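**Student:** One structure, pasted below without further comment.
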Amino acid sequence: MASPLRSLLFLLAVLAVAWAATPKQGPRMLGAPEEADANEEGVRRALDFAVSEYNKGSNDAYHSRAIQVVRARKQLVAGVNYFLDVEMGRTTCTKSQTNLTDCPFHDQPHLMRKALCSFQIYSVPWKGTHSLTKFSCKNA
């Protein structure tokens, strides 16, 4: 009889260790911002919109585009709020050029510019609307 009791105690000990080693996630608050994948479609659309609005409002002769998304978060409200921290870089494309995808970044030190920008974009996907509700940038 000692053998089944030992087996049961061993099994309970293993389960206790496994439970203790499992990472705990705190309770998620409904509607709170959560981390988002920078490659997900909604984030990409929000980023494209933010970069477009950034370039429209810029007095620079050259377009800028995202070098990398440093952090992406989203919040489900009546639509979706996206909070994007983005490293931006100045490209060689002037404002008269429209396709930013193929624009290389300036590599000449006197023309090279980088900025770290935080964008907040409100999107209502089922209506196809976006608005840039807040943004700030600082030189990097």
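The count begins at 1 with the first shown residue.
Cβ from N, Cα, C; glycine included.
Okay, these came from Swiss-Prot:
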DISULFID  Cys93-Cys103  disulfide bond
DISULFID  Cys117-Cys137  disulfide bond
MOTIF     75-79  motif 'Secondary area of contact'
SIGNAL    1-20  signal peptide
SITE      Gly31  site 'Reactive site'
**Student:** Given the disulfide-bonded residues Cys93, Cys103, Cys137, which one's Cβ is surrounded by the fewest other Cβ atoms within 10 Å?
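**Tutor:** Result for the disulfide-bonded residues Cys93, Cys103, Cys137: minimum number of other Cβ atoms within 10 Å at Cys137.
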**Student:** May I ask for the distance between Cys103 (disulfide bond) and Gly31 (site 'Reactive site'), taken between their Cα atoms and rounded to an integer number of Å?
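**Tutor:** Answer for this pair: 37 Å between alpha carbons.
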**Student:** At a 10 A cut-off on CB-CB distances, which of the recorded positions Gly31, Cys117 has the highest count?
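**Tutor:** Max Cβ neighbours within 10 Å, all protein chains included: Cys117.
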**Student:** Given the model, what does the mean pLDDT over the motif 'Secondary area of contact' (75-79) come out as?
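**Tutor:** That stretch averages a pLDDT of 95.
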**Student:** Residue counts in helix (H, G, I), strand (E, B) and coil for the motif 'Secondary area of contact' (75-79), per DSSP?
**Tutor:** 0 helix, 2 strand, 3 coil
**Student:** Based on Cα distances to Gly31 (site 'Reactive site'), point out the closest of the disulfide-bonded residues Cys93, Cys117, Cys137.
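**Tutor:** Ranked by Cα distance from Gly31 (site 'Reactive site'), first place goes to Cys117.
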**Student:** What is the separation, in Å, between the Cα atoms of Cys93 (disulfide bond) and Cys137 (disulfide bond)?
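**Tutor:** The Cα atom of Cys93 (disulfide bond) is 20 Å away from the Cα atom of Cys137 (disulfide bond).
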